[in-house]
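Below you'll find the structure, written out as structure tokens, and then a few comments.
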Amino acid sequence: MLTLWTVSLFLLGAAQGKEVCYDNLGCFSDAEPWAGTAIRPLKLLPWSPEKINTRFLLYTNENPTAFQTLQLSDPLTIGASNFQVARKTRFIIHGFIDKGEENWVVDMCKNMFQVEEVNCICVDWKKGSQTTYTQAANNVRVVGAQVAQMIDILVKNYSYSPSKVHLIGHSLGAHVAGEAGSRTPGLGRITGLDPVEANFEGTPEEVRLDPSDADFVDVIHTDAAPLIPFLGFGTNQMSGHLDFFPNGGQSMPGCKKNALSQIVDIDGIWSGTRDFVACNHLRSYKYYLESILNPDGFAAYPCASYKDFESNKCFPCPDQGCPQMGHYADKFAGKSGDEPQKFFLNTGEAKNFARWRYRVSLILSGRMVTGQVKVALFGSKGNTRQYDIFRGIIKPGATHSSEFDAKLDVGTIEKVKFLWNNQVINPSFPKVGAAKITVQKGEERTEYNFCSEETVREDTLLTLLPCETSDTV
């Protein structure tokens with residue numbers, strides 16, 4: 001697979017020609033900007049629809065496990081299926097060397113059925129994707145035209161509004177969605193899941209996914225390091241109205257296992273091999289999958305850079321709020337700004353990936369001593385583990401703050417537990433405390449204050465309860 005991703009970028013894999021035309025799809029040439037450029041040096045034409053053999057596999061709430069095939073050549077197959085005109089329609093489009101019946105594609109439909117009634121159409125173009133990369137990148141044009149043709153049939157034959165269509169594309173599939181969107185006026189939404197870099201980054205907008213392809217375009221970047229020398233398959237180029245860079249967008253937590261542990265994976269040899277070769281690249285659809293069932297677990301913060309985000313410079317959310325990366329990104333009030341918007345967040349290293357960000361500020365009390373301070377939050381929905389807030393000289397009256405990403409939303413915060421230690425034997429048995437701890441959840445601007453007049457020895461928990469009104473002034 002690694003060889004396919006790297007070497008095949010430079011293989012020809014098809015005969016050249018000037019232009020080819022297909023019924024209902026239009027004509028495709030090997031002229032610029034599609035070929036003969038520095039980014040696309042090889043002059044290739046896309047394969048024919050017959051050779052690519054794109055299939056449209058419909059799953060609905062009524063048939064969540066067995067698909068119904070919709071045929072471009074026979075629009076009556078739509079009317080004979082469980083397709084419901086009153087529902088939204090979400091197309092899921094796989095990428096390079098993948099297939100429309102892959103587990104993650106079908107699982108995405110199944111997750112949707114848990115939260116909504118929807119027409120979920122898996123676009124299978126495996127015969128066009130399981131070839132050399134450069135040829136597959138050119139086949140994107142025909143597959144995108146076919147997706148647009150299917151939408152056009154829905155519009156003309158079933159009075160279906162394109163505003164109710166959502167295209168979700170991974171890797172090359174993101175650019176398939178872009179091609180389809182550029183052919184479909186009024187398309188509602190496109191989600192690009194780590195749009196691939198090679199042959200697309202730096203090209204004109206008509207070649208790649210861009211914000212003009214739908215009324216709303218959101219993009220998740222998970223493998224945006226340069227292809228050479230880091231083998232980053234995804235693009236770093238801003239491609240939507242909202243671009244999300246989880247964990248900085250280049251190196252995902254949990255993707256640095258050794259080769260054997262990654263390949264001998266719980267999901268099997270094939271899944272394990274895929275994860276070893278393209279773990280960062282695949283994380284984008286795994287985050288989206290989980291976001292469907294976690295409507296508030298992927299809050300993302302506007303920030304100039306991931307460095308600023310990690311330096312706690314982008315907290316809390318601004319007045320208009322923060323978007324949720326993934327399925328619910330379209331709920332964000334500020335989604336349709338004129339300028340592209342960049343957002344950052346952190347995730348877990350494995351399922352569950354969702355995280356909830358908190359800021360904790362504390363005022364120390366007690367003796368001056370060197371050590372580290374930790375805090376745990378307890379709320380109506382559960383409690384966090386202990387998180388490091390400060391290491392260094394613990395000085396009475398000093399204020400320290402830090403942010404952390406918890407594995408759960410604790411709900412209404414009821415109390416805070418404070419712990420300190422210096423891991424050095426101190427015969428004077430000093431006592432330290434927190435006179436006040438202020439907690440703020442990322443999506444909220446409200447601050448919650450907890451107070452205590454007590455001090456404790458190291459490795460002894462101190463519980464702080466909500467301050468009396470006079471204590472918070």
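Placement of Cβ uses the backbone N, Cα and C atoms for every residue, glycine included.
Annotation source Swiss-Prot lists signal peptide at 1-17.
There are 12 other CB atoms within 10 A of the CB of N157 (N-linked glycosylation site), with all protein chains counted. Per Swiss-Prot, N-linked glycosylation site is recorded for N157, and the stated evidence type is sequence analysis.
Taken from Swiss-Prot, the feature Ca(2+) binding site applies to E205, R208, D210, D213. According to DSSP, D213 (Ca(2+) binding site) sits within a helical segment. Applying an 8 A CB threshold to same-chain residues 6+ apart, the list for D213 (Ca(2+) binding site) reads A177, G178, A180, G181, S182, L187, I190.
When pLDDT is averaged over the domain 'PLAT' (356-470), the result is 93. As annotated by Swiss-Prot, domain 'PLAT' applies to 356-470.
Cα of N157 (N-linked glycosylation site) to Cα of D210 (Ca(2+) binding site): a span of 28 Å. Taking the centroid of the Cβ atoms of E205, R208, D210, D213 as the Ca(2+) site, the other same-chain residues with Cβ within 8 Å of it are G178, S182, E206, V207, L209, P211, S212, S239. With all protein chains in the displayed structure included, the most crowded Cβ environment within 10 Å among the binding-site residues E205, D210 is that of D210.
In the three-state DSSP reading, E205 (Ca(2+) binding site) counts as coil. According to DSSP, the domain 'PLAT' (356-470) comprises 2 helix, 69 strand, 44 coil. There are 27 other Cβ atoms within 10 Å of the Cβ belonging to R208 (Ca(2+) binding site). Under the DSSP three-state reduction, N157 (N-linked glycosylation site) is assigned to helix.
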